[in-house]
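Listed in Swiss-Prot:
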- 10-174: domain 'Small GTPase Ran-type' (DOMAIN)
- 21-28, Gly71, 125-128, 153-155: GTP binding site (BINDING)
- 40-48: region 'Switch-I' (REGION)
- 71-87: region 'Switch-II' (REGION)
Amino acid sequence: MALPNQQTVDYPSFKLVIVGDGGTGKTTFVKRHLTGEFEKKYEPTIGVEVHPLDFFTNCGKIRFYCWDTAGQEKFGGLRDGYYIHGQCAIIMFDVTARLTYKNVPTWHRDLCRVCENIPIVLCGNKVDVKNRQVKAKQVTFHRKKNLQYYEISAKSNYNFEKPFLYLARKLAGDGNLHFVESPALAPPEVQIDLAAQALHEQELQAALNQPLPDDDDEAFE
């Protein structure tokens, strides 16, 4: 079924909704994909931009129709029309702003109220920034809800493809699916300290073996 502003294409396509607090970098993230930015359409009835993001896999081309809120979330929650027919989702927070992580459960609840049993990726953005407020080991929500989590840096393109690859594998039911070529991305605006980030990733792995805190606030003590 073609959704508004979604032309029928002869390869698999999926509605991807991106949610999270304002200022977490959702729009910056989506705009990295240059062809999607060039071909985006505005959906005035809901007030979103729909970006068609194409990826090329070993099983052929797939498209994510990526719905971007255009900042409405700053005025409260999003209308159900944003979520309806969503087939996969990304919840984004900013690792330099603790409140954006504390609001992740609310976004998850709103999403799951309308879209049941869809694959969801949690993304901690802005890992290129030095003064992290949310450390890798403090990110536990994905473990409680069985979500995938990736640390990303939209402005440096770090881990850009990983959320899409995870979702593509889940939607295709094929854990061996892989991308055979990279999409054209905007050039990096910042550089990321890969050595420092490798330590964060190690911390993340080590945290998987730790018991979950009863309350997320405990993780910040």
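Cβ atoms are placed via backbone N, Cα and C, with glycine included.
Positions of the features from Swiss-Prot, shown on the structure.
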residue	record	DSSP class
Asp21	GTP binding site	coil
Thr27	GTP binding site	helix
Lys126	GTP binding site	coil
Ala154	GTP binding site	helix
Ask   = Which has the fewest other Cβ atoms within 10 Å: Gly23, Gly25, the binding-site residues listed?
value = Gly23
Remark   = DSSP puts the residues of the region 'Switch-I' (40-48) at 0 helix, 4 strand, 5 coil
Ask   = Which chain-mates of Lys126 (GTP binding site) that are at least 6 residues away have a CB under 8 A from its CB, listed by sequence?
value = Thr24, Gly25, Asp94, Val95, Thr96, Ser153, Ala154, Lys155
Ask   = Mean pLDDT for the region 'Switch-II' (71-87), as a whole number?
value = 79
Query = CB neighbours of Asp21 (GTP binding site) within 10 A?
reply = 21
Inquiry  = I want to check the contact list for Asp128 (GTP binding site): same chain, sequence separation of six or more, C-beta distance under 8 angstroms. What comes out?
reply    = Ser153, Lys155, Ser156, Tyr158, Val190, Gln191, Ile192, Asp193
